[in-house]
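What follows is one structure encoded as structure tokens, with my remarks underneath.
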Amino acid sequence: MAATATKTIDFAAERALAKDFLANFAGPRGEPKYLNILQDVANRKIRAVQIELDDLFHYKDADDEFLQRVTENTKRYIGIFADAIDELMPESTEAYAVDEDRDILMTQRVDEGADGGADGTDPLQRMPPEIRRFFEVYIKAFSKVTPLTIRQVKASNIGQLVKISGIVTRCSDVKPLMQVAVYTCEECGFEIYQEVTARVFMPLFECPSQRCKLNKAKGNLILQLRASKFLKFQEVKLQELAEHVPKGHIPRSLTVHLRGELTRKVAPGDVVEMSGIFLPMPYYGFRAMRAGLVADTYLESMSITHFKKKYEEYELKGDEQEQIDRLAEDGDIYNKLARSLAPEIFGHEDVKKALLLLLVGAPHRKLTDGMKIRGDLHICLMGDPGVAKSQLLKHIINVAPRGVYTTGRGSSGVGLTAAVQKDPVTNEFVLEGGALVLADMGICAIDEFDKMEESDRTAIHEVMEQQTVSIAKAGITTSLNARTAVLAAANPAWGRYDMRRTPAENINLPPALLSRFDLLWLILDRADMETDLEMARHVVHVHQNLESPALGFTPLEPPVLRAYISAARRVVPSVPRELEEYIATAYSSIRQEEAKSNAPHSYTTIRTLLSILRISIALARLRFSETVAQSDVDEALRLMQMSKYSLYSDDRQRSGLDAISDIYSILRDEAARTNSMDVRYAHALNLISRKGYSEAQLKECLEEYASLNVWQIHPNTFDIHFIDA
């Protein structure tokens, strides 16, 4: 049996190849890409040098074998590229902030000839290259390679550069990791260096220098922490995405080590794509005795790519900015954006508008005395089964850059807020954020809200108004940020809405929680011949063609929606003084209507006034306007009325009023309230829209009562003048 020939690798030649690539690779404009990066490193502008395999692939002088060796033995080649960078590192061309301790120590070491100590032969006295370097080398995987799932990473990938996708479930604190330990001998005074390549190491106690050996002295070594080199270190748990888990299995997770500039780049709940080196991690101590030859594995991260950027991280490119400018000039953009949300779901136009405003939100306000007023909108969708509440929730989480979806029965109080757990690395008690904390600066969707235990539901009260989670457990007393918009879906108390009972009995939520929702949307499933026929056609079309029917325009894709919303969220509109009285009057009229009603449809408090302001500001943001217009306030009031539209229609049926008579009553009451004989058409349309009537019904009412000489209609503006108010 012939022995297989093994090819010896000349690492000096490999370093020459790496040096040639770094020195000669040109960017898209012909500029020396990596030499420019090294100049920024020398000027202390950046620390990370990221070498992309895509560039190595396109470099004319790099062969495929070299590329394969870099991919399969990445840890070794990081050192080779670092040595090549040491040789190519240019002198600094700009003044930079001096790191006093480090620079003084380095200057002193060079002046004293620390490179070699007493006779230059002792390896422990030679200054390691790591302690000289003020840069970090990362090798980024191919951009077009399909990422593996955690389940697909096998033992054959050990030592290789792999790309993995998953969701971050846990992040440890950032801690210092020793890279080079520096000791000083009490006898000879020399510096002794010890490179640390693992998580644990055995410190040196006796001086190994030649002078101490010649003097037969056992010099005592003192660890110099200020002179040693530390690296930022963070441990992260990456879990399989739900769509990658086979049937009947639980998601697997992988430990990821982040070092240096890659720390603090992810947070729990982020869906990311990581490229890194898959490495074994041997057990230590008693665990090693029991484990035998078995080792744990981890991923040493080289690059991190977020699937969905946060709104504030969006940097609009030229073509995206032009597209947003074109959309902003469209007079019907509000309707188009709303209809682009879940176009496969039939109808629910006003619900989609409310959900669009939830995504946009209003800016948080902080008063001079430190009090905060939230800007996030909270919406509860309550309705009969089968009206697509859960599908709307899932779609909003898909569109939002940061979103967490959970269900009422599957969530406990600590699962929503925060739990105290023991850190496996440090054995300390640490806080682990729940769904509401994970959704900080995003959206938390809670399905089956009515099925939650009352004790668990009360945990949400503080989050919805103060937007913090206060904890006092296991000796930890703190507050966590939970600046999240809550989107809840619930069924009425008896499964379906019972018209024989009052709204309060059907809704079955405590007033303390009810008042915290900006909009409580009641969606009732009523039999209607025309609507049911249209819906059935729509559902059959979606089922057959896997897409929504034509909407009259091309729906905007989620990335475009995110870009538009991120641009809108940068606007901070203000409410002009002339609208203050108008908003106050509208709020007081809502309170009066509720006081007159025997069974009020909602629970109106001063929070309702803040809700009107938040919705109005979100509408102004969509128009990229710096000030709130009256039309924004009118639309906010209309959405509040339309959320209870199905109940108003039943009230009208019970009272025996038809649409025409009810519209006449609304206009007559308005004329009496303002003590005026005239009502503008635009104002009349706004009034009846709030009650759920259409413009066609208003025109029919105007014509009918004009023929009875109750009022006169202006031929051009359609303004109303009462003949006898």
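Cβ coordinates come from backbone N, Cα and C, glycine included.
Per Swiss-Prot, the listed range annotated as motif 'Arginine finger' is 515-518 (candidates: 63-66, 115-118, 515-518, 555-558).
With a cut-off of 8 Å between Cβ atoms, the residues of this chain six or more beyond the motif 'Arginine finger' (515-518) that come close are 377-380, 461, 464-465, 486, 488, 603, 605, 607-608, 611, 614-615.
Helix first, then strand, then coil: DSSP counts for the motif 'Arginine finger' (515-518) stand at 0 helix, 0 strand, 4 coil. Shown are the binding-site residues GLY383, PRO385, GLY386; the one with the most C-beta atoms within 10 angstroms of its own C-beta is GLY383.
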